[in-house]
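Copied from Swiss-Prot, the annotated features are:
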- Glu9, Asp105: Mg(2+) binding site (BINDING)
- Trp61: site 'Interaction with DNA' (SITE)
- 153-594: domain 'Topo IA-type catalytic' (DOMAIN)
- Trp168: site 'Interaction with DNA' (SITE)
- Arg176: site 'Interaction with DNA' (SITE)
- 187-192: region 'Interaction with DNA' (REGION)
- Tyr310: active site, O-(5'-phospho-DNA)-tyrosine intermediate (ACT_SITE)
- Arg312: site 'Interaction with DNA' (SITE)
- 686-718: region 'Disordered' (REGION)
- 686-713: compositional bias 'Basic and acidic residues' (COMPBIAS)
Amino acid sequence: MAKSVVIAEKPSVARDIARVLKCDKKGNGYLEGSKYIVTWALGHLVTLADPESYDVKYKKWNLEDLPMLPERLKLTVIKQTGKQFNAVKSQLLRKDVNEIIVATDAGREGELVARWIIDKVRINKPIKRLWISSVTDKAIKDGFANLKPGKAYDNLYASAVARSEADWYIGLNATRALTTRFNAQLNCGRVQTPTVAMIANREDEIKNFKAQTYYGIEAQTTNQLKLTWQDANGNSRSFNKEKIDGIVKGLDKHNATVLEIDKKQKKSFSPGLYDLTELQRDANKKFGYSAKETLNIMQKLYEQHKVLTYPRTDSRYISSDIVGTLPERLKACGVGEYRPLAHKVLQKPIKANKSFVDDSKVSDHHAIIPTEGYVNFSAFTDKERKIYDLVVKRFLAVLFPAFEYEQLTLRTKVGNETFIARGKTILHAGWKEVYENRFEDDDVTDDVKEQLLPRIEKGDTLTVKLIMQTSGQTKAPARFNEATLLSAMENPTKYMDTQNKQLADTLKSTGGLGTVATRADIIDKLFNSFLIEKRGKDIHITSKGRQLLDLVPEELKSPTLTGEWEQKLEAIAKGKLKKEVFISEMKNYTKEIVSEIKSSDKKYKHDNISTKSCPDCGKPMLEVNGKKGKMLVCQDRECGHRKNVSRTTNARCPQCKKKLELRGEGAGQIFACKCGYREKLSTFQERRKKESGNKADKRDVQKYMKQQKKEEEPLNNPFAEALKKLKFD
């Protein structure tokens, strides 16, 4: 009997699909049943070949050999995962297999993972596509009942290949040109470089900012009411101190007459459902989680616990076909503290409206929402529980009615000047009940603060006991943190050097710099390349990052290039542009930037050379700030030796409770805190043993230290290493 091979992206998803399809016979890298053989990739198993596979001379990085422009880029099996590639290949080539079902992640990159494997195997069998947004049993069954023809995704595949090949031509050539021309480990790309440029621009804004003092007036009445002065244009601030001084002097011994009490009934609706970027922003603001960390937690909740839908989505809406599943999802997530809230929603028919249901705003995947899967909180880690809480509360909030309140504005006259006060009376808590009325609106910047207003009638006279001048200073723009950098990457139009509205709109509609799936990796890569560094929560550009921006061609610094590329990649995905035309343009552009770098007369200066020599090659080591501590890195790219000098750990200072830094090597390591606290590693081990009731042994401490090291080191797995060399996205 003929069978179908199902290619999943990861083993965990493959196991879920195999269970639903009753494939319980285990093989080498696959699971088999009567109709289906389920096998899996491990992320990418196949990638674009290194330059040296085209010509042995490219093994050495020489400026005169650039640009490297092979006529056709080749695919190669990633060495570290070759065993699994061969396992997939053997199943695809079986004579009893007459169909391939692509079940990798439903998106551009997922399409590439499977199609590159199929292309490398050189197999020509009919392809079908499984396109689902969650991996619950129900979603898998429904997906297999509605498989799509593979041909429907040919253009999406062409778009994914075009992006990868363009990044190879431009990224590898620009990086080699910069590194060999300026004798420094420099890398750039169409997303990395403009992101660094945005951080530099923000620092320049802060540096050039000149604070101005502004002035206002506040009147306090005997019934504890605070009144705020406003000019004829409704402004509460003035930069003219003399003017404010004069007004204050003229108001002495005047009382306030109530001219008007304006009552307005207002509504506010819940913020939209989460896409990945919005979730990463909130997790960073509330819990300090990095974008990468939030994505990893979401992946667990999606794949392992099966309680949330696909994380790598750029939509904040659900499609109309999902509305019918909402009651089941509410029942599933309506446990524990969420039970009364979910029960309240289920009492009435769910009203689907355009604020969260819009087919036109859902492309590959809908917003992140709970699945119909069983929720077992005892299996969650603390971090998983926090992320799940964010998603469930947002899901419940959009299903609750609007927050309704009465806005009261009190307008008074003191002398000849206008003073106002504002208050709010809640009429119906609505969606804010989900957040126990503690939801904070980020955009509230009004100088007139809301207060509890006493009972007052129009025409009343209020006794003024104090009139005082207030003052403040204008603030410089805040430095980027991971939350605000994600926002800037998502909508970088203010940093573009073009007035082309269509291009700006395309950048906005295609999600800005990078994609929801790649932004976390891009930020991580910038930290690991020492182009940016973290001080507290703030992100700073390094000297290396500054110099890179001075050395790269101007176009590579602007989001405009990404806007143009995304416009064309979108056209390829829609079948409106041939991949070959786009790649031809990219090759020509590569020639231009390599030529510009070659002819540059600028110099790169290492200003972080340490007194230490590299133990491998003897060259001076560079001292750099890694994401979680200081490191020594060999300045020779081909050597690549690096070593931790210190790293921030999760151990807390017993005096000030801040995170301790671990310095030194071996038995001589010490924990140090900014407050001045110092503790030897051996003493720390003894203290931990006592605190845990003598249960901790040497193995426990070693395990703890190993975990710290694992958290500190950059992502290092076979596909990450291969992709690090080839993808500059």
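The backbone N, Cα and C atoms fix where each Cβ goes, glycine too.
What you are looking at is a predicted structure, and each value in this text was computed from that prediction instead of being measured.
Proximity note: of the listed recorded sites (Trp61, Trp168, Arg176), none has a CA within 10 Å of the CA of Asp105 (Mg(2+) binding site).
In this structure the alpha carbons, written CA, of Trp168 (site 'Interaction with DNA') and Arg176 (site 'Interaction with DNA') are 12 Å apart. Under 8 Å, Cβ to Cβ, and six or more positions away along its own chain, Arg312 (site 'Interaction with DNA') finds Asp105, Gly107, Leu276, Leu295, His365, Thr515, Val516, Ala517. Of all Cβ atoms in the shown protein chains, 24 besides its own fall within 10 Å of the Cβ of Tyr310 (active site, O-(5'-phospho-DNA)-tyrosine intermediate). The CA atom of Tyr310 (active site, O-(5'-phospho-DNA)-tyrosine intermediate) is located 37 Å away from the CA atom of Arg176 (site 'Interaction with DNA').
Its Cβ taken as reference, Trp61 (site 'Interaction with DNA') is surrounded by 15 other Cβ atoms within 10 Å in the chains shown. Asp105 (Mg(2+) binding site) has a Cβ environment of 24 other Cβ atoms inside 10 Å. Under DSSP, Trp61 (site 'Interaction with DNA') is assigned to coil, being neither helix nor strand in the three-state scheme. With helix defined as DSSP H, G or I and strand as E or B, the region 'Interaction with DNA' (187-192) counts 1 helix, 0 strand, 5 coil. Predicted-model confidence for the region 'Interaction with DNA' (187-192) is 85, expressed as mean pLDDT. Sequence-distant neighbours of Arg176 (site 'Interaction with DNA'): residues of the same chain at least 6 apart with a C-beta under 8 Å from its C-beta are Trp61, Leu63, Leu66, Met68.
Listed in sequence order, Trp40, Ala41, Gly43, Ala103, Thr104, Asp105, Gly110, Val113, Ala114 are the same-chain residues six or more apart from Glu9 (Mg(2+) binding site) with CB atoms under 8 A from its CB.
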